[in-house]
Amino acid sequence: MTIRIRSALMALGASAAVSLSSLGAAPVQAAVELDKPECLAPAKPGGGYDLTCRLAATSLQQTGILKKPMAVNYMPGGIGAVAYNHVIGVRDDDPNLIVAASTGAALNLAEGKFGKYDGSEVRWLGAVATDYGAIVVREDAPWQSLDELMEDLKQNPGKVVFGAGGTVGSQDWMKAALTAKAADIDPRKLRYVAFEGGGESLAALLGNHIQVFTGDLSEIESQLKGGKVRVLAALSDERQGGAFADVPTAKEQGYDVEWPIWRGYYMGGKVSDEAYQTWLDKFTQLVKTDQFKQARQARGLFPFTKLGPEFDAYVKERIAHFNQLAKEMGLAK
Amino acid sequence: MFDFLIHGFGVALTPLNLMLAFTGALLGTLFGALPGIGPINGIAILMPLAYSLGLPAESALILLAGIYTGAEYGGRISSILLNVPGDAGAVMTALDGNPLARKGLAGPALGLSAVSSFIGATISIIGLTLFAPLLASFAVNFGPAEYFALMIFAFSSLSVMMGKDPIKTLIGAVLGVMLATVGVDAGTGVMRFTGGLPELYDGIDFVVLVIGMFAISEILLMLEHLGSDSGRLAPIGRVLVKVKEVLFCKGAILRSSLFGFIIGVLPGTGASVASAVSYTTEKRISDREGTFGEGDMRGLAAPEAANNASAVGSFVPMLTLGIPGSGTTAILLGALMLYNIDPGPMLFSEQPRVVGGLIASLYIGNIMLLLLNLPLAGLFARVLTMPRWLLVPGIALLSFVGVYQLHSDLMAIFLMLAVGIMGYVLRKFGFSLAPIVLGFVLGGLMEQNLRRALAMSGGDYGVLFGSGLAIGLWCAALTVIVIPMVFSGWRRLKASAAR
């Protein structure tokens, strides 16, 4: 509790310093001193948001781009809505704070799960890495390609059971629904089982309780190397390297489905341009370093860099697009 | 075949790794004892440290695994002394542990639970060493239908807790099940009973529920009695556990270790289910005099053996399949990835140094934990001599800080207080809290798995009896319910015949 109060006081001090410096004759945008950098993961430890924060925290420190170590805090709840509300309501102008975000946050905003908010309330800072959706089956499954699976599905939509770690309407479900939709199959006819997280879903796939797992490339890499699963399609724009060199994209097979799970950050809506620019400069510098590239790869993630206004526009375009999709599928008003 | 273990001991016995195992054990005990900070958060706090110290993969894993197993030891301390479970697996420990402490047997209770923790963990580590690959296929065969049947079995075992007041136990369990329905419905994505509060979308957090229910209501009860006996110190009594007492519990410990290990191996269930199932089973088997719940040594030993066995068991799917067996092993898997080690089906063959080192360090860490926890029992027991005016704010502080560091959110604190007041009122009306917590844990799992099974089958209930495993569990549940009825009928018949 005392820590929180102190950081709030410091934030006050920092913003006072900023306004003082902007009063003075300093036409050049002065960099804001980040005296207490913090990354907020809107989830419990151990998940994707934790990973996103740690990726920034460790590599920003290793490269010396941030002088002070960045704290990683957790605020689980409401699939990210609690943290989103908190930032808007309490730390709207905190120059030290960045919050981990992902494709899932954009989807939730689009589906109205963050209440009245639509994504315009915060400043989207940038994405630095991505994962890609994957259509995964057991190595002894009858389907060798996405085509074969889709053919079977068309014959009998209830025969094949899909499963993944998210609820109906989540991005794991979206991957299955969009793939089905690309083959003119009604997504609502899919048999979809929601598990708690990728680990449980993978266990269900290996135990043949579900036949298709709509997971992410990074979480099935070791199973693929171990020969336990077959990846029918990567939901990426082009083929990925390494263990996935032989995995075709859905696009290659004639299904226009992509699902990148970008890993990025947002800041409060009222942070100063100077603070936003300071973080932007740091991330622009970071993504070019070898240490960062190694750290990204070690976490099983792929390159994906969109920073500043480009990212802000991208996220807002995605939210509008997802909102359209959700309406078509009867998930949002 | 056991080359990896011999190599492993070579790795684990280096001075650095021994020191790390000890540090992990000590910190883990501490994290476990503090309500709110469980193994997950303990590891999340220390993982970046291990990484930035530049520790090699096996050393980092030894430290983090030490924290995990240590936390399962530590959770019992606050359960026994304060009636406030230190972590999820220690809820059942309070049932008989706290009455023992109130009788002046805090020292022996802490000692006995340390010994049964040790035995549970040891049996589980041996099981892990010998049968890990074999058990992996068992774990994945357990699908939604089997989990549902397991939950039915667990619920039917709950019937033994009915004891003095069956209606109140039933109401408590139903209340727990109802609380578990709050939050997003995974099957449809619809929000249930959230009142539009995003804080409730993910449901009520287990830690918030347990701390509110136990700690806050305990504080309120203590405050109520503050005026009457504030000067009185609780008796400590003797400090050491007797060999005779351990031998008295040997059946309970061995059975519970086995249960705990098997339930730990299953990816969908953890220490809380393991300790609940073994406590209720043990009560059914051994509680002939009705002393369970009033400070029976066996009722303390059973859940402690089980939760430690279950923690070790959750390493089985992690090491053999690359699938986490619990929330904590999920974080450990993440730690491995940072070292560019693919935790997966190839781990045993590709990384014998890491796997062997880890398993060897579990053996060593477990011995360290016993040696650490036995002499400390007397020291910990002295907590009870603290006057209430110091103890009450102490527990309050720990509860508030624990919940706040988990959620960084005031709403969680308010929820904890609300649950606490509810717990206090229920206790005033003579309700026991354990059935509520169990209803919450088991009910959530039961509903999820029923929904999953039906989603798989397209609504056909036949899927629930679709495998030998599921049918076996249904039979077990039936037996648990029917046999006591038959027995009591038989006894009544005999009694009337004698008359």
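Heads up, the Cβ atoms here are built off N, Cα and C, so glycines get one too.
Remember, TrEMBL labels are computer predictions, not curated facts.
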Looking at B:234-252, B:386-404, which one is transmembrane segment according to TrEMBL?
B:386-404
In TrEMBL, one of B:82-108, B:109-135 is tagged transmembrane segment. Which stretch would that be?
B:109-135
Find the member of B:49-71, B:109-135, B:170-191, B:318-341, B:462-487 that has more C-beta pairs under 8 Å to the transmembrane segment (B:12-37) than any other listed stretch.
B:49-71
Residue numbers, six or more beyond the limits of the transmembrane segment (B:318-341), whose CB comes under 8 Å of its CB atoms:
38-40, 43-44, 47, 50-51, 56-57, 60-61, 64-65, 68, 128, 132-133, 135-136, 139-140, 264-267, 270-271, 310-311, 347-348, 351, 354-355, 358
Per Cβ pairs under 8 Å, the stretch of B:170-191, B:353-374, B:410-426, B:433-450 packing most closely against the transmembrane segment (B:109-135):
B:353-374
State, in range form, which of B:203-223, B:410-426, B:462-487 has the highest count of Cβ pairs under 8 Å to the transmembrane segment (B:433-450).
B:203-223
Among B:170-191, B:203-223, B:462-487, which stretch has the most Cβ pairs under 8 Å to the transmembrane segment (B:410-426)?
B:203-223
Along the domain 'DUF112' (B:18-438), what average pLDDT does this model show?
88
